[in-house]
Amino acid sequence: NSSDLSPSFILASIPGLEAAQSWMAIPLCSAYILAVAGNCAVLLVVRMEPSLHAPMYFFLCMLAAIDLALATATVPRILAFYWFDSREIGFGACLLQMFLIHSLSAIESTVLLAMAVDRYVAICHPLRHAAVLTNAATAKIGLLAMARGVLFFLPLPLLLLPLPFCGSRVLSHSFCLHQDVMNLACANTTPSVVYGLTAILLVMGLDAVLICLSYILILKAVLRLAAWRERLKVFSTCIAHICVVLAFYVPLIGLSVVHRFGKDLAPLVHIIMGNVYILVPAVLNPIIYGVRTKQIQRRIL
């Protein structure tokens, strides 16, 4: 039916490399196993180590849980496609996956902002840190991050739900993203375009600006210290968080640029950028904090 309101979509394969997809799934599966093992290890270590029961490590647990959920919402379906040639995904399943990807990304962005504020208070107002960022306040921030992600990105699938899809059903990635699904609709998508851009700017865009502002204030406070060794010691407490922020925002910006300006790029670029966006933060975050945090290293060993 050319005006089917509940279509199924076809996940993207790499032209000319269909026969090699089963082999290409092996590094993807390995990265997923590494992400699951690393993030589960972080959750267990923080739970078992009383000295890590502090706001910064509770935020780290939130990141680990988000990364686990995001990777699990996408990678098993990609592996089913690569190994069992299960290319078709239903309309409802696609919208659900799309909502999970965007809402979990928004929650992670909010948690990264909260971690930046934690570093700012710890360095610029150390005497207030224990009073401001209590365990109760940390739990409320986690709930606020979850509500923010859900409320801002729940309208995305709802705006796509009534649209007809009467042309190509082939996606640009091995999973569902809002821009990708929206471009396949054969109707006016202006409300979806406007709302999607507004939501991203008000969540990820605003968070990125506030994180940068936090680090400008942190740098000003650090540069007021007299000794270079003391400056390096204080700023080194922020290195892990800076690396995690870069691991999240660089793939996000790269994927947005590919969607906006990369229509003429090879399909392989879209697929690789999509997989990087999903897996790089989940794999790198526990490694970064494992390397930078001696308590986590000792407990894991």
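Note that Cβ sites are derived from N, Cα and C of the backbone, with glycine treated the same way.
What TrEMBL says about this one:
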type	residues	note
TRANSMEM	20-45	transmembrane segment
DOMAIN	38-289	domain 'G-protein coupled receptors family 1 profile'
TRANSMEM	57-83	transmembrane segment
TRANSMEM	89-117	transmembrane segment
TRANSMEM	129-154	transmembrane segment
TRANSMEM	193-218	transmembrane segment
TRANSMEM	239-262	transmembrane segment
TRANSMEM	268-291	transmembrane segment
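For the domain 'G-protein coupled receptors family 1 profile' (38-289), the model's average pLDDT works out to 91. Distant neighbours of the transmembrane segment (193-218): 102, 105-106, 109-110, 112-113, 116-117, 119-120, 123-124, 148-149, 152-153, 155-156, 159, 178-179, 182, 235, 238, 242, 245, 249, 252, 256; these residues of the same chain sit at least 6 beyond its ends, with a Cβ under 8 Å from one of its Cβ atoms. Sequence-distant neighbours of the transmembrane segment (20-45) (same chain, 6+ residues past either end, Cβ-Cβ under 8 Å): 13-14, 52, 60-61, 64-65, 67-68, 71-72, 75-76, 78-79, 81-83, 275, 279, 282-283, 285-287, 289-290, 295-296, 299-300.
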